[in-house]
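Asks: Below: one structure in structure tokens.
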There are 2 protein chains.
Amino acid sequence: MTTVLKLGGSVVTAKDEPETVDADALAAAADALADATDASNDADVVLVHGGGSFGHPHAAEHGVSPTAGTHDAGAVREIHGAMRRLNERVCAALGERGVPAVPHHPHSAGYVDGDETLALPPDGVGAKLDEGFLPVLHGDVVTHVGAGATVVSGDDLVVTLARGLDADRVGVCSTVPGVLDDGGDVIPEITAYADVADVLGGSDSTDVTGGMAGKVRALLALDAPVSLFGPDALAAFLAGDEPGTLVD
Amino acid sequence: MTTVLKLGGSVVTAKDEPETVDADALAAAADALADATDASNDADVVLVHGGGSFGHPHAAEHGVSPTAGTHDAGAVREIHGAMRRLNERVCAALGERGVPAVPHHPHSAGYVDGDETLALPPDGVGAKLDEGFLPVLHGDVVTHVGAGATVVSGDDLVVTLARGLDADRVGVCSTVPGVLDDGGDVIPEITAYADVADVLGGSDSTDVTGGMAGKVRALLALDAPVSLFGPDALAAFLAGDEPGTLVD
């Protein structure tokens, strides 16, 4: 049973304060992971976290996004360095609780190829799982053929990893409790984009890494069931429940 | 023309002082690279540096070597973290001089597979070169199938990269001016191990990442000519000369 879990950048950082971890939220998430895994990650969890207040400000400053690249190596080092600092904090919080977290940096592990596809070989992540480590990936700046380097979002990584590892379950934990309908209620299940086109069609956020509409489309294309939920439901998801919105 | 260049750990760090860069030596090496490359790395140089006083003490403390692995994620984070700190210093020194250096961390880029072979896809490094970046790799701790995680040396990386990238030239810059004969003189050329077996046979150093004998054997197996030389000859090597000992 392989689970790919994403923690949104806004879950683990104070999104409006540069390079600031939300210590309480990170501790709560790390506690939930420590309860659900063991010292050799027998649950085969792969964690991906977003950039929050670490990656986004640097990316915005240099005008780098998933579609706008840079050939400025200094910009690459700065964005990647900020993401590594957040990744170190996340890994340390997990490590303190006995979770065998080790970093897996997308900047080194992959790149966007000439077909605009994220090439990130799953065997490196799989080898970490097989050896009992819990790999922790993150939104990052990666080489992009023809464009220098662009941002790869945590959501892109989740999709690539779920497919590459043939994951059994996917969880996307953000600050909202699921996909919301017009009345603000959580939609319990989405099986086709047409079901939610009215609600999501015009609601793309300004997040450079894409809004809910694109996210739902990409997640629907996966074989694995995907749960979208808020931080309070993380423990339930890791215990096997399907909180929030189920996309399958 | 692709060149794989290794800077030994003892060239860029003060080997006996924990986590201490040899600032003058690093500056001199960075100057030489800045003179030989340009802002889009048209010379297609890939740099690999060793661990020196950053990686080795942590690896030794945890009993991790190329053959002795660990399943302790904390040890992995500690060794890798120290190597990243050195890598940041090397990339920064290059960046200050206009060299488009970006990190490429072996811990995320590769692993040792079930055949005891370092699997490190060359296309990720090649994509960085193609986009005008100068990738900077380093000795690191990597996942090792069946053994947890082990040390991969800078020398191992040089061999894997030279082969994977079909490099035209390889340079190995250490604190000695080349392979020395019994009288302490530099041997100008080695074309077969038998030529130097008497000199190297009994001289394996205690370096956990292997002595000169194993290094020469591995370099002889490469298609590309390899120059082994000291720091003073780095500029000459980058200018196209074959200083020190030529292994081909």
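If you go along the chain as it appears here, the first residue is 1 and each next one adds 1.
Cβ from N, Cα, C; glycine included.
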Asks: Can you find which of B:G154, B:G164, B:G171, B:G178 TrEMBL lists as binding substrate at the same site as B:G51, B:H56?
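Replies: TrEMBL lists B:G51, B:H56 binding substrate, and from B:G154, B:G164, B:G171, B:G178 it also lists B:G154.
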Asks: Which candidate from B:G52, B:G55, B:G63, B:G69 does TrEMBL annotate alongside B:K6, B:L7, B:G8, B:G9, B:S10, B:G211, B:K215 at the ATP binding site?
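Replies: Answer per TrEMBL: B:G52.
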Asks: Of B:K6, B:L7, B:K15, B:G211, B:K215, which recorded positions are close to B:H56 (substrate binding site), meaning a Cα within 10 Å of its Cα?
Replies: B:K15
Asks: Measuring Cα to Cα, tell me the gap between B:S10 (ATP binding site) and B:G51 (substrate binding site) in whole angstrom.
Replies: 8
Asks: Taking the residues B:G51, B:H56, B:G154 listed for substrate, what is the greatest CA to CA distance in Å, to the nearest whole number?
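Replies: Spelled out: the longest distance between any two Cα atoms in B:G51, B:H56, B:G154 is 12 Å.
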Asks: Which value in Å gives the longest Cα to Cα span across the ATP site residues B:K6, B:L7, B:G8, B:G9, B:S10, B:G52, B:G211, B:K215 as recorded?
Replies: 17
Asks: Which one, from the binding-site residues B:G8, B:G211, has the smallest tally of other C-beta atoms lying within 10 Å of its C-beta?
Replies: B:G211
Asks: Here are the recorded positions: B:K6, B:K15, B:H56, B:K215. Which has the lowest count of other Cβ atoms within 10 Å?
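Replies: With the recorded positions B:K6, B:K15, B:H56, B:K215, fewest surrounding Cβ atoms within 10 Å: B:K15.
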